[in-house]
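What Swiss-Prot says about this one:
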SIGNAL    1-23  signal peptide
DOMAIN    27-129  domain 'Gnk2-homologous'
DISULFID  34-107  disulfide bond
BINDING   35, 114, 125  alpha-D-mannopyranose binding site
DISULFID  83-92  disulfide bond
DISULFID  95-120  disulfide bond
């Protein structure tokens, strides 16, 4: 059976569109901005920030793909996470968990950071924004 070039091309385009809409999130580093000040060793901010990142990772997808939160501490940690709205909820969460695991390496324990992957973004600071 022979298929026309147009039919073959249409099948390939549909496969690419479906493949990009379903599957793993794209986690290539797009940009980062890291505060030059670092979290002090033994600082309570480290655990406060860790708790905030877990909250952002776990609640962004179920909160409309754009979620802000804070964790009381000394100092308080403020954060925001955003996902590409074309992702499934599980892919949004997976992207943010990937980023949460890499943010320390990208920004070297900075007291504030903004990191954008292709399909998700996290920002955290010691001040409200």
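Cβ from N, Cα, C; glycine included.
Values in this document were obtained by computation on a predicted structure and should not be read as measured data.
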When distances run from the Cα of residue 107 (disulfide bond) to each of the recorded positions 83, 92, 95, 125, the nearest one: 125
Residue 120 (disulfide bond): tally of other CB atoms within 10 A of its CB: 31
Close in space, distant in sequence - residue 114 (alpha-D-mannopyranose binding site), Cβ under 8 Å, 6 or more apart: 31, 32, 33, 34, 121, 122, 123
Residue 35 (alpha-D-mannopyranose binding site) - helix vs strand vs coil (DSSP): coil
Rounded Cα-Cα span from residue 92 (disulfide bond) to residue 35 (alpha-D-mannopyranose binding site), Å: 25
Per DSSP, three-state class assigned to residue 120 (disulfide bond): strand
DSSP helix/strand/coil residue counts for the domain 'Gnk2-homologous' (27-129): 38 helix, 32 strand, 33 coil
Sparsest Cβ surroundings (other CB atoms within 10 Å) among the disulfide-bonded residues 34, 83, 92, 95: 34
